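Asker: This is the structure, below, for whatever I ask next.
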Amino acid sequence: MTAKPAAAAARATVYGYPRQGPHRELKKAIEGYWKGRVDADALRETAAELRRGTWQQLAEAGVHEVPTGDFSYYDHVLDTSVMVGAVPERHRASVEADALDGYFAMARGTQDVAPLEMTKWFDTNYHYLVPELGPDTVFSADSAKQVAEFREALALGWTPRPVLVGPLTYLLLAKAAPGVAADFEPLTLLDRLLPVYAEILADLRAAGATWVQLDEPALVQDRTPAELNAAARAYRELGGRADRPQLLVASYFGRLGEALAVLAKAPVDGLALDFTESGAGNLDDLAAAGGLPGKRLVAGVVNGRNIWINDYAKSLATLGTLLGLADRVDVSASCSLLHVPLDADAERGIDPETARWLAFAKQKTEEIVVLARGLGSGTDAIASELAANRADLASRTGAALTRDPAVRARTAAVTEADGRRSQPYAERSAAQRAGLGLPLLPTTTIGSFPQTTELRTARAELRAGRIDEAEYEERVKDEIREVLSFQEKAGIDVLVHGEPERNDMVQYFAEQLDGYLATQHGWVQSYGTRYVRPPVLAGDISRPEPMTVRWTTYAQSLTARPVKGMLTGPVTMLAWSFVRDDQPLGDTARQVALALRDEVNDLEANGTSVIQVDEPALRETLPLRAAEHAAYLEWATESFRIATSGVRPDTQIHTHMCYAEFGDIVQAIDDLDADVISLEAARSHMQVARELAAHGYPREAGPGVYDIHSPRIPGAEEAAALLRKGLEAIPAERLWVNPDCGLKTRGWPETRASLENLVAAARQIRAELPTGAA
């Protein structure tokens, strides 16, 4: 049957686009600027060229409105803090002296000034800089960046739509500034902030903007009546002004829920909603609310967070249902395309049959345009695209890669006992203390050490065939010896081999597991200039052979001190990959857990007495709505226990988490039943230690005392001060001393100095303890 065309031709648009450039030009330019090799003018020109390229690509693909203002040197939330004048007092002088250097100082810190805290952007793998606010915060409008980028696109002949982080989301993501009472609520500043937003909107209208997008993803989370009332008040005030452009309020990452009725009644001109699986319920809620009469609806039907092709027939059915629920219906992705790589056509190493299933930002844009044409002109207008899409979907469904009978049989045979250690923690702990013989406040690191130029050169030479595998392995062994030697001299108690053989903590394992695919150019932004290439989990997962045993046992042969085995946990293997969407995540996690269980058991059998299974993604993958937490945490914690419960009681299991607020998952952390957990804590001033104590967490913990996301070197007294805070919450016999995270992105000089200071701090605090331990 042929779909009828929409009353008004649907248009294609996107909320945002990857920033880095086809060859990560932005990363290279910014890092060149930091090193003094690129001047500010050259950096700005590179940025302008990348913006122009993005807008041209979008417009040529058929996108009606191109987003502006979503481009950022580091982070769009940090850009918003600058836009509204919320610069922390400690950074104000540097920003006033040089706006660009001051901006980067807020993100990275300096030797003497700490940066803003960094955490995950909702449940994604992107990180934002947390605004610091207090009762004395004075906002002021600075629309220069937004207006300039709008004018850039306008001058090139495109139709720009500026994108701003909305005022509700900005305040709900903020936290109390240092020195402000921890219970301060940034949302109390809304009436102060709204006039600043109104001024910025007026500036954009004066520059020629007809539509402005205000992103409010915070409204898809559980919100209190007071927060919903604040949303109503905010958009009543902003929407009621005569000097504003038309306002498109965008929600994404889930169901808008109670906030939908609030925004539907507000005097705004359009809403953008997520109609993919993550936004299940938005369609029914919209119909129940009576639709959006007189308003524009932007329907996010293409998944902006995963890399699988769209099901055109399914999306067109959703879009057809939406017709009549709004004055006009346009088509987009479910969120900004920031979260996917740029172009699947650049991938030459993936089997052509499998490549048919992939859609990166460029392909998703093309999908959006096709769907808009089908909605606006009828399905006959896209008949060839529909036929090709059906064939591609069928190819994936029938592929051998996606079904391994042996994996499915083993997964089905898992019992509750497979996820339970043979002894309770109290008994295990005694055996581990006796076996390891560690001092109070034992020191360790999280796993990785700096990835040197020599290491990267060796990998490149191996790939190019200029050295053979044997030569490469000798270079890796040289690096392991150097890392171990340094740790022993520094006085670290539990060592790591430094992971010189690993390119990435997920990709390294994915390349050795059946069922995963690797990309060559699938880069996405994690934070700032840190880009990662998430592997593609396309099929059933199994481990053909041991992955880490030879490197860990080699390292252990060089020292009498314990060397940790280092693995990435099942939840993180999923969260930091692009995961198949054709079966429940819990089923996929169990497959990964069983593969890791084999690796854990092999490490133990080869003499490894401390094994760390990192789960930094446990919190970030937590669903945004509380009603969905229990089901997620059940399979997430079970998968960790399946991976780690096959070892003897005297084998110490560690885990690690970072970048997140942990207060609402402390019970889940407890349920992991790990013997030791290390967590990011330096920037949050040991908040997580207090959260663990409030819960009554009974095991050992290492809240980080060294912020590795900044190049600054914390002094021994600074680390000691954090340890004293930690001891207020965690008893000395259960407190570990460690950095926040791995050291891969740091340089050797700062790493050496920082770890030496960390060990000095541990020794100082041991001496201060009543036992006088040294």
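Glycine is no exception: its Cβ is also placed from the backbone N, Cα and C atoms.
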Asker: Which of D343, D345, D602, D614 shares the L-homocysteine site with I446, G447, S448, E499 per Swiss-Prot?
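Answerer: My reading of Swiss-Prot gives D614 as the candidate in that site.
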Asker: So Swiss-Prot lists H656, C658, C741 for Zn(2+); which of E634, E638, E680 goes with them?
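Answerer: Looking through E634, E638, E680, the residue Swiss-Prot assigns to the Zn(2+) site is E680.
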Asker: With R24, E25, L26, K27, K120, W576 listed by Swiss-Prot as 5-methyltetrahydropteroyltri-L-glutamate-binding, which of these, E615, E620, E628, is given for the same site?
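Answerer: Given R24, E25, L26, K27, K120, W576 bind 5-methyltetrahydropteroyltri-L-glutamate in Swiss-Prot, the matching entry from E615, E620, E628 is E620.
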Asker: State the Cα to Cα distance, in Å, between I446 (L-methionine binding site) and L26 (5-methyltetrahydropteroyltri-L-glutamate binding site), rounded to an integer.
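Answerer: Checking the Cα atoms of I446 (L-methionine binding site) and L26 (5-methyltetrahydropteroyltri-L-glutamate binding site) gives a distance of 29 Å.
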Asker: Have a look around L26 (5-methyltetrahydropteroyltri-L-glutamate binding site) and count the other CB atoms within 10 A of its CB, chains all included.
Answerer: 23
Asker: Check the DSSP secondary structure of D614 (L-methionine binding site), expressed as helix, strand or coil.
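Answerer: The three-state answer is strand.
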Asker: Measure from the CA atom of C658 (Zn(2+) binding site) to the CA atom of K120 (5-methyltetrahydropteroyltri-L-glutamate binding site) and give the result in Å, rounded to a whole number.
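Answerer: Cα-Cα, rounded: 9 Å.
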Asker: Non-local Cβ contacts of W576 (5-methyltetrahydropteroyltri-L-glutamate binding site) (under 8 Å, 6 or more apart, same chain)?
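Answerer: Listed in sequence order, they are N125, M505, V506, V532, P534, A617.
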Asker: Suppose we draw a 10 Å sphere around the Cβ of H656 (Zn(2+) binding site). How many other Cβ atoms does it contain, all chains included?
Answerer: 27
Asker: Between the two most separated Cα atoms in I446, G447, S448, E499, D614, the residues recorded as binding L-homocysteine, what distance in Å do you get?
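Answerer: Farthest Cα pair among residues binding L-homocysteine: 14 Å.
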Asker: Can you check which residues sit near G447 (L-methionine binding site), meaning Cβ under 8 Å from its Cβ, same chain, 6 or more apart in sequence, and list them in order?
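Answerer: Spatial neighbours, sequence-distant, of G447 (L-methionine binding site): V496, G498, E499, M505, K564, M566, Q612, D614, H656, G742.
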Asker: Starting from the Cβ of E25 (5-methyltetrahydropteroyltri-L-glutamate binding site), draw a 10 Å sphere and report how many other Cβ atoms land inside it.
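Answerer: Result for E25 (5-methyltetrahydropteroyltri-L-glutamate binding site): 16 neighbouring Cβ atoms inside 10 Å.
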Asker: According to DSSP, which kind of secondary structure is E620 (5-methyltetrahydropteroyltri-L-glutamate binding site) found in, if we only use helix, strand and coil?
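Answerer: SS state of E620 (5-methyltetrahydropteroyltri-L-glutamate binding site) = coil.
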